[in-house]
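**Student:** This is the structure I want to talk about, given as C-alpha cells.
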Amino acid sequence: MARYVFITGGVVSSLGKGIAAAALGALLQARGYRVRLRKLDPYLNVDPGTMSPTQHGEVFVTDDGAETDLDLGHYERFTGRSATKTDNITTGRIYKNIIDKERRGDYLGATVQVIPHVTNEIKDFVIEGNDDYDFVICEIGGTVGDIEAMPFMEAIRQLGNDLPRGTAVYVHLTLMPYIPAAGELKTKPTQHSVKELQALGIHPDILLVRADREIPEAERRKLSLFCNVRPSAVIQALDVANIYDVPIAYHKEGLDDEVLAAFGIEPAPKPRLDPWEEVCNRIRTPEGEVTIAIVGKYTGLKDAYKSLIEALHHGGIANRVKVKLEWIESEVFEKEDPAPYLEKVHGILVPGGFGERGSEGKIHAARFARERKVPYFGICFGMQMAVIEAARNLADVSGASSTEFGPTKEPVVGLMTEWVKGNELQKRTAAGDLGGTMRLGAYKAALKKGTKISDIYGSTDISERHRHRYEVNVDYKDRLESCGLVFSGMSPDGVLPETIEYPDHPWFIGVQYHPELKSRPLDPHPLFASFIEAATEQSRLV
C-alpha cells in the first residue's frame, strides 16, 4: 500500500519545492523504496505546451508524449524513473475533464460544484495507479493562499481523512529571510504561512525551512512552538553550491528520517548514497574547465533551457570538467560578426526554439562552427538551422529556408503533415490547433552504421523524445549529402531525418530530438558526454 507525502510551499514562490520533492524521492529510493513523484499545477492552461518559455520556462516532454511542468525533469533526473502523462495535472485539465463528463451526462443532472466534483477529480488523480509504489510524493504548485490552489489544498486535506490512518504526511516548505538591519533570521513569515495552511485544515507534520545561513537552535524551537510541529521536524534547507548537493544535505539534516518516522517506519533501512557522493565529488573537484556558448532565443529566462543546462553539466560530470556557459542571444549575430563572441569558446550549442526571430543568428553560429572546426551541437531547431546553412553555403541553394518563417521556393525545412506513431498514421494541417499537435514523445530512429553518432550510442537503434512540428525536407537529402553533410539517422520508415553530421569535422552533430530530456547526473546522456569530451579536446587547442 502506498504512503503519500504532500509538499506545499509558503511565503514566496520559486523556493524549490520541485527540488525538495525530487531530493526526498532520491533519498527514499536510496533506502530501497519504490517512489513515484507527481505534480499538481493550479494554472488554468490544459498543459504548458502553448505557454511562453520566457514566462513558464521549459516544457518537459515525457516518453508518452505529455507536455508537462519542468519539475518533472527534476523528478526524472534525481530518481531515474521516467515520468508519464499521469504524473502531472493542471486546473485546466481538471475542469476540461469535468465539463466533458457534464456534457456526457455522467453526473446524472447534479449541480456540478467545486466541492465535491472538482476535489473528487483531483483526489482520483492523486490515488490512481499507485499500487506498485511504496511512496507517492505530490508537489502542489504555487503558494499557500493562491486562489487558484484552493481546490487542490481542499483535496489533499480531504485525502488526509480518506486514506488509511498514518499513510499521509504533509511537508511545508517556507522561507526564513535574513534581515541585515536586525542582524537576524525572521520566523514570522513562516508562522503566518503555517497559520494560513492550518486555516485550510492542513496541519504540517514537517517544516522544511529555506535559509541562506545556519538557523539558530532557539529559532527552531520557536518555529516548533508556534507552528505546532515537533522540534526534530523543523528541518533547515540551507543554500548549496549545486542542486546535486541537495539529497545529501537534506539527509544530513534528517529530512528522510523525519518523513519515515512520521509514517511510523522505525528503524528504517540505511540509505546507499555512494553514487550521489561520487557525483558531488566530481563537481567539487574538476580536472579542467570548458566554455560552451549557448546561442538561443530565450536566454532572458534560463529556466527555458533547464534540462539542457543540467545535461551539459552531466557531460561535465562524465568528463570530470567544469562546464561554464556563455549565453548569447541569437539576434546579436544578425547584426554583428559572431567571431568575437565565439573565438574563445570550446563548443557551440544551438538549442530548440520556435519562429523566425533570431533564426539567421543561429545559422551564422552553425557556419562559424563548421568553418572554424569548433564542436557544434544542434538540437531540434538547431539541427534545422545547420541544414539550412549547409544548403545555402555548400549546396548553393541560395533561397534555402523554412516554411515556418513564411512561403519559400526552397523549403529545406517544412511542416510535417504525416508521420507514424506506433501503428497509427498521425496527420496535421497548418490550420490545426497549436496545443498538443506536435510530434511529441519517444520515437525510434535508425542510425547509419559507422557514423560518429552510432559510435557514440554504441548502437544503430535508438529511441529519443521529440517536440516539433517542422522537419528537414528529405527531398534535399541527396543534394546535401553530395556536399559532405551526412544524414546519419532517419525514422525507421526512412521518411524523417533524425540526425546529421560532418565526417570531416571534429564534432558536428545535429539531432531533431531532445536528448537533454533523458540525461541524468548518475547516467549522463552519451551525446552530452561526447560533446563535452570534444569541447575538452578543443580547449587544449584554443
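The backbone N, Cα and C atoms fix where each Cβ goes, glycine too.
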**Student:** Which of G315, G316, G347, G353 does Swiss-Prot put in the same L-glutamine site as F381, G382, M383, Q384, E404, R469?
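**Tutor:** Record check against Swiss-Prot: L-glutamine site with F381, G382, M383, Q384, E404, R469, extra candidate from G315, G316, G347, G353 is G353.
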**Student:** Could you look at D71, D87, D100 and say which one Swiss-Prot places alongside S14, L15, G16, K17, G18, I19 in the ATP site?
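**Tutor:** Record source Swiss-Prot; matching candidate: D71.
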**Student:** Starting from the UTP binding annotation in Swiss-Prot that includes S13, K186, T187, K188, P189, T190, Q191, which of K39, K222 is the extra site residue?
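**Tutor:** Swiss-Prot lists S13, K186, T187, K188, P189, T190, Q191 binding UTP, and from K39, K222 it also lists K222.
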**Student:** Using the structure shown, find which entry in K17, K186 (the binding-site residues) has the sparsest Cβ neighbourhood within 10 Å.
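**Tutor:** With the binding-site residues K17, K186, fewest surrounding Cβ atoms within 10 Å: K186.
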**Student:** Just the number: how many Å between the Cα atoms of G16 (ATP binding site) and E139 (Mg(2+) binding site)?
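**Tutor:** Their Cα atoms are separated by 11 Å.
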**Student:** Using DSSP with the three-state reduction, classify R469 (L-glutamine binding site) as helix, strand or coil.
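**Tutor:** Reduced to three states, the DSSP call for R469 (L-glutamine binding site) is coil.
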**Student:** Expressed to the nearest Å, what is the distance separating R469 (L-glutamine binding site) and L15 (ATP binding site) at their Cα atoms?
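**Tutor:** Computed Cα spacing between R469 (L-glutamine binding site) and L15 (ATP binding site) is 34 Å.
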**Student:** In three-state terms from DSSP, label G18 (ATP binding site) for me.
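**Tutor:** In three-state terms, G18 (ATP binding site) counts as helix.
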**Student:** Which one of these binding-site residues has the most other Cβ atoms within 10 Å of its own Cβ: S14, T187, T190, Q191?
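**Tutor:** It comes out as T190.
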**Student:** Looking only at E139, E404, the binding-site residues on record, which one has the least crowded Cβ, with the fewest other Cβ atoms within 10 Å?
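**Tutor:** Among the binding-site residues E139, E404, the sparsest Cβ neighbourhood within 10 Å belongs to E404.
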